[in-house]
Every structure is written in structure tokens, then in C-alpha cells.
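J.: This structure is in C-alpha cells; I'll ask about it shortly.
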Amino acid sequence: MRKPCNFTLYYSLFVTFMIMFVVVNSQLTTDFYAKTCPSVLKVVRKEVQNAIKNEMRMAASLLRLHFHDCFVNGCDGSLLLDGNSTTSEKFAAGNINSARGFEVIDNIKKAVEDACSGVVSCADILAIAARDSVLLSGGPTWKVRLGRRDGLIGNVSGANSGLPAPFHSLNTIISMFQGVGLNVTDVVSLSGAHTIGLAKCATFDNRLTNFSGSGGPDTTLDTTLVTELQNLCPSTSDGNNTAPLDRNSTDLFDNHYFKNLLNQRGLLESDQILYSSNDAIATTKTLVETYSNSSSVFFSDFVNSMIKMGNISPLTGSNGEIRKNCK
């Protein structure tokens, strides 16, 4: 004989599940500091404006800090922690002598602490500063979800293994993105952040001579650009000279980066690989073409991807801490 369905039990389990679902999906909110630090967005915006006014490149640097933070341990501000080569992510291969703008984050944190002490996390400051950097460079805006707390330790090995590099294959990059819950669309749209900023010769000079043992430069790189870059980055240089990631539109956040890829003028191997290398796949090629034709589609996808990236494994509730000094 069938036992009667225990409706009360099932209903209780359903309600519990729904509560857990809502809690998990509402950990970060756009009005998190509405009562505890209502001026935080204004304070951060002012400091970012000052930093970019002093150096336009800083917009790209601040955006990159948020990216490099979220890909290691989630968006927890752990990248900002000082330490040594075994404790600080600053010493990881993808960050050392590369990641920059830490002093700007320190200035922002001081201003925020003056407004409301012990309330706003360094991880949230990174997220807000990244959004403002895009907006102040002519790009789109979005409501940043807030409520992250700061991690207690850095993860050097995680940074060494988890940060995409200019020399990685497309499959490797896609795999790294998938490892943190991002997809192929996110790979291409977030690569579009290279519409602003500069890169050192050391990140692309492998394309200029004897590329992959070929005896010549990378054939997916425009020949005129090869010559220009060879003059900028002679074999005798220390690799520290810089070139714009998006030639002819260096400081403006637009879709010109993707137009460059169509013309084999992507600076990094990991840029051009999205469209014209042997590793390029139909999805990435189609997205590059779509974004090159429509800045509105690029902006929309970029915003969605930034929100997704900012939601990678945040520390919330009683986890982590609210650091008064981001270092």
C-alpha cells in the first residue's frame, strides 16, 4: 500500500531551498552601502578621476587589477596584500613588474576610510574603481554589485597557474575562464578591455622574430606593424618599452580593438589568436566580427561579463574581513 505524501515535509524542504537560493543569489547588492557608507561611490569616483587626470593609462591599470584579483581566490582583494615571493600575489609571474596602480587603490581606501571607517572592503573598491575607469574612458557604465569582504591571505601559486598570459593558446585561455565560471563570450568581451592601455615589449616581442621557431615574425601580425614594433623593441632592449594595445585609439574605451584584429593589428598573441590564428574558433571569430561592427553589442556583453567576473567566489557574511589598509 502506498504511503501518503508528506506534504508538510516537502513544502518545508522547498521553502528551505528557496531561501538558500535567494540568499546565495543576493549576497552582492547594488545598494549594499546605502546606509553604512552612502558616499562611497562619489568618493571612489573622485579619486579615480584624479588618478586618470594625472595619467590616462591608469584607467587600464585599475581595470586590470580587478581582473587579476577575481581570477585568483575570487574577488577578495588578496592581490593587494604585501608580502614576499611565497605569500604575495604581487610576486606572481602575471603581476610582478606588470600589475600597477596599487598606490591609487591606497589613496582611494584612505579617502573611503575618512568618509566611513571600517565599512567598505578593498575588494569592493577594486570593483567600483574598475567600473569608473571604463566609464571615464568613454565606455559603458553599470551598477556594481557590492558586499564583498577581503581575503586574509594571498595565493601565489594560484596566481601563477590561474592568470591568462599573452603566450597561452586559446584553448588554455578558454579553460582558465571556464575554471572560474566564465564562457567563450566572456573571453572575447573581456579581452576587449585591451581597447585601453599599454603593454611592454616583453609581452609581445616573441612575435617579432623567429615566432614559434619559424625563423620569421608571426604571420598573423601586419607586416607594417612588425617593422614598427621591431624598431620599438630591438633585441638588445630590456623589454620595458611600451606600445598601445589599441593603436590609434589608445585611451578611448571603444570597439576599435576588434577592428584591429580584423586587420591583423592585435598587439598580443592572445589578442590576435581570437580571430586569425590556427587556434581561432568559429565562436570567437564571429564575436570579434560582431563587436567590430557594433559598439553597443560589445558594450552590452562587456558589462554582463564584468558583472559575472565580479561575482566570482566573493567572501560575504562573516567570512574574511574589512581591511583598513589594503596592503
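Just so it is clear, glycine is given a Cβ too, placed from its N, Cα and C backbone atoms.
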J.: What residue among Cys70, Cys75, Cys116 is stated in TrEMBL to be the disulfide partner of Cys37?
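T.: Matching partner in the record: Cys116.
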J.: List the Cα distance (Å, whole number) between Cys201 (disulfide bond) and Val72 (Ca(2+) 1 binding site).
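T.: Computed Cα spacing between Cys201 (disulfide bond) and Val72 (Ca(2+) 1 binding site) is 25 Å.
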J.: Express the distance between the Cα positions of Glu89 (Ca(2+) 1 binding site) and Cys75 (disulfide bond) as a whole number of Å.
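T.: Roughly 13 Å, rounded to the nearest whole number.
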J.: What are the non-local neighbours of Val72 (Ca(2+) 1 binding site), defined as same-chain residues 6+ apart in sequence with CB under 8 A from its CB?
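T.: Residues satisfying the criterion: Ser78, Leu79, Glu89, Ala92, Asn155, Gly158, Ala159, Gly162, Leu163.
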J.: Using the recorded Ca(2+) 1 site (Asp69, Val72, Gly74, Asp76, Ser78, Glu89) as reference, state which further residues of the same chain have their Cβ within 8 Å of the centre of those residues' Cβ atoms, listed in sequence order.
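T.: Here the nearby residues are His68, Cys70, Phe71, Asn73, Cys75, Gly77, Leu79, Ala123, Gly151, Gly154, Asn155, Gly158, Ala159.
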J.: Which one is it: of the recorded positions His68, Asp69, Cys75, Cys122, Cys233, whose Cα lies the shortest distance from the Cα of Thr195 (Ca(2+) 2 binding site)?
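T.: Minimum Cα distance from Thr195 (Ca(2+) 2 binding site) across His68, Asp69, Cys75, Cys122, Cys233 lands on His68.
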